[in-house]
Amino acid sequence: MSFDSVPRHALSMRFDLEPPSHASAAHRVAVLLVNLGTPDAPTPRAVRRYLAQFLSDPRVVEIPQLVWQVILCTLILPLRGRASAKKYAAVWLPEGSPLRVYTERQVESVKPLFAANGYRVIVDYAMRYGTPSIADVLAQLKRAGAERVLLLPMYPQYSSSTTATAFDAAFAALGRMRNQPEVRTVRHYADHPAYIHALAEQVRQYWAAHGRPAFDAGDKLVLSFHGVPKRTLDLGDPYHDQCQQTAALLMSALGLTTFECRVTFQSRFGKAEWLQPYTAPTLKELGAAGVRRADVFCPGFTADCLETIEEIGIEVRDEFVHGGGKEFHRIPCLNASPAWIAALGEIAAENLQGWPVRVAMAPEAVS
């Protein structure tokens, strides 16, 4: 039966048109890594298109949409589109957006870790905003024969504005499918031992290559998480507590105290109060207080992006130096580090239990 022969009224139905279903014993399994998203190009037009989608999400901006859309379209997009495009252009890689490049490397690095009794575990990625969209990739996975999908957000700490909205988009796509795959979700892994180990290894390896801060002389390690409005904490979002939990476990793994290590929150947007202390003012204060060296690491970002490369590496660095600091280090995110790839495989394996697939670790892939 050709889709061309289907009556037009059938194409306007609520559910997506699908080919006839055939019984299969394969039960192919897919692991879908989900990240926030990125513009397709470092141009004002592409950035405005991306920001319009991102900032129109009611889980991201929780104010009445009629009021917000007027502000967004008349003030924010015209002003921020061009300014943000310049920032993206400064960090753009030859292969494309840093977030997309590092996410693709994560996918390609994780694939060798999965094997299953004659079946292959499909590993792919999608973005909540921009391309490739969650809906498009779920449709591709279905066409590839995936009957079971594990949604694995690249957000270690749960938040309504990140994890929940990614699940919203996935379930909305499923809601348009007549023949839905079975789906599981990973809510968070803020305290997962493999994730904490990967963070600690990333810091240790950076220090092995660039020298360890002189903590006895007052140097500091700053753990900077993405901020959210403080009212979300008051409304019951667990994000703040999970960030603090991750930070405490990482400090313990590194053998550091709260005197040597600070926890801050970055990327504040708008005039409302967000989670504090804020990253940039904290670094400026540290510089003014005579701290010679500050290392900044972003545990909540699993891949480097505009917020880590430009905001931390340039803007926050300048605040520290202008405050009087002498030596600033931005420790790269987990990206495709061997310890993080092994952790992704372990987290996925735990959440695939009970499905007809066995997850095997390939030693050569994590050595």
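Just so you know, glycine gets a Cβ as well, placed from its N, Cα and C.
As recorded in Swiss-Prot:
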BINDING   His226, Glu307  Fe cation binding site
Can you tell me the three-state DSSP label for His226 (Fe cation binding site)?
strand
Count of other CB atoms lying within 10 Å of the CB belonging to Glu307 (Fe cation binding site)
21
